[in-house]
Each structure stands twice: as structure tokens, then as C-alpha cells.
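Copied over from Swiss-Prot:
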ACT_SITE  Glu104  active site
BINDING   Asp8, Asp103  Mg(2+) binding site
DOMAIN    4-185  domain 'UmuC'
SITE      Tyr13  site 'Substrate discrimination'
Amino acid sequence: MRKIIHIDMDCFYAAVEMRDNPALREVPLAIGGSADRRGVISTCNYVARRFGVRSAMPSALARKLCPPLVLIPGRMAVYKEVSRLLRAIFLRYTEQVEPLSLDEAYLDVTMSPCCGGSATLMAREIRAAINTELGLTASAGVAPNKFLAKLASEQRKPDGLFVIRPQEVDEFVRQLPLGKLPGIGRKTADRLESLGLYSCEDARQLGNEELIARFGKLGEMLAGRIWGHDEQPVQAQRVRKTIGVETTLASDVLDEAACWQVLRQLIPELEQRFSVSHGKEQLMGQGIKLKFADFQQTTVYRRGGYQPERFHDLLHEGLLRAQGKPIRLLGLVVGLPAAGEVNQLALDLA
């Protein structure tokens, strides 16, 4: 049986700012782009959350909800350095560390001799070290696999620890709403609910074969998760799959020509980024990202050799999906080869 710890820092960027400037601790604080330049909130402290401010919210809306909000652009170099120190703490307990972002990681401590092999005690020590050495707090979840460990870390936020022991997995998962499972978004949850499936117990009653027959690949994932199964390993070396660039527009646009003009200006930056590590002939595909004025988004991606002019065709398809909704953000992405994968330029899988 594996022992997995999920560590999630509490409102990380804002917490670093409050640590370094105590005057910010009791005021509503957010890190993000300027409201005057259509910025978006990256994170906020719990004081701001009481006003309804949330991550990914337009800064202008955050200002309306919370007029006294202190909005700062953030200090990415500082956050990266704190993240480096955070990782150093993790490595005292195991080499099997999979960072998900600057402030979140999985640790596989199955074979760790620390704390007599107790994952719970290791999680407690890690949280104490983060508080003592970095002046920050973290929430932790301990469970037999990754998806349960992540769910566990959400149970006692902020600054808490929750453990799901092997013998507790079935009961914990049984009552979970399906919408809480990783990979289940609002639309998928609505689809499941239309069939009378609200909880993992409901899905169990339907049966694995029926889930797979109705939902295909999604059903295969559900068939494992509703029983608490997840065999995904903690990946100490995560392979980057894509490289992209994006920009938020000064004002929403509808016109395809205007969108294409923006994308053409992004292409040189994209090519500069991927050329550091990959040649054009190595790329496995390309795509565009559109975010609409209502903050819904879509990505149009096609496998095959890199052709800059193809972005125009992808843009056209993306705008058809938009169904007249104004565009607030545009982005480009290219797919990188997996280890040992050969790009067959003549084969266009689009």
C-alpha cells in the first residue's frame, strides 16, 4: 500500500506578501493584474475572500466586491525562491517529489524511513518546518494514492492536516459528490446529474460496465475513482508537454482579422520559446486558445508538423465555437515530443 502526501500552501503569493509586510495581514489583499488593464486575480488572502473575491476573477469585479482591496502585482522572483526552499524541505523526507506548481506538490513517502515510516508524522513535521523556517502555513492530505491525498488536503484548509487511512477509503469515497472528483467539470457533473448520478455511491449502483458504455474514456476513469482507485505514480521528473504564449486584449474583440493580427504578433515569441529546446521539425502539433468575455475558454489543437499559417485555420474554427461571444484573451501553443517519440511530418492526424 502506497503512502502519498499532498501539500498545498495556503493562499501562497498573498501569504508571502503578508509575511514580508505585516501591515497587509489584516487588510483584504489580492495579487493580480491592474483593474484598469483588464487584469485577473491570481490569489487573495482570506480577508478578501470574505468579500467574495476569488482567484481568476477580473480585477475590476474584485474592486467592486471589495472597494478597500489592496491589489499588488506580485513578486514572482521571490515566490520562486520560497518555492525552492519549500522543495528542499520536501527532499528531506523523499526524493519522490512531484511539483504541480510553485505552491503544491505530491510526495511519495512509501519507502521513506523518516518518522518510523509514518506518513502522518512526516506530514506533521513538514507543515511544522514550513511554518518555522518559511513563516508560512500549508494544508496537507495523506492517503494511499494521489487523487485521495489531494481531496484530503482540501478537508482542513487552511493550515490543517487530514488523513485517509486504507481502511477508511471506501466510506470516504462512497459519499463524495461526483463533481469533487478530479477531471469532472461543471458540464460533466450536470450530465451525470441528468442521469440521476450525484455521488460515487450512485455511480457504483449503475455499475462499471454501464459507466464505460455511456461515457467511454471518462467512464473508465470514473470506474476506478468511485472505488477510490488511482494507480498514477508520483512523477519526480515531470516531462513538459507543451509550450505556449498568450495575451489579454486591451478590449474584447469579435473580428477575425483583428484576432489574427494579434496572433501573428505572438508567433515570433512562441518560436523563440520553443527554439531554446526544440527544432520546428520536432514539434508534434499546434493549437490556439480563446478565452471569452464570460471567462469560458476553448482550445483548438491539431497534431502534425508545425506550420505557422495553420494557426489561421485553427482561429477560424475557434471563432465558430465562440458563437459570437467576444474574445478577451488569445494564445498559441505547440506540442512537444514525448521521450523517444518521432514526429512523422507526413502524417497529419487532424
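Any Cβ shown, glycine's included, is placed from N, Cα and C.
Feature map: Swiss-Prot annotations on the structure.
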residue : record                          : Cβ neighbours (10 Å)
Asp8    : Mg(2+) binding site             : 19
Tyr13   : site 'Substrate discrimination' : 26
Asp103  : Mg(2+) binding site             : 22
Glu104  : active site                     : 19
Original post:
Which of the three DSSP-derived classes (helix, strand, coil) applies to Asp8 (Mg(2+) binding site)?
Top reply: strand
**OP:** Tell me whether Tyr13 (site 'Substrate discrimination') sits in a helix, a strand or coil according to DSSP.
**Re:** helix
Original post:
Expressed to the nearest Å, what is the distance separating Tyr13 (site 'Substrate discrimination') and Glu104 (active site) at their Cα atoms?
Top reply: 12
Original post:
How far is it from Glu104 (active site) to Asp8 (Mg(2+) binding site), counting Cα to Cα, in Å?
Top reply: 5
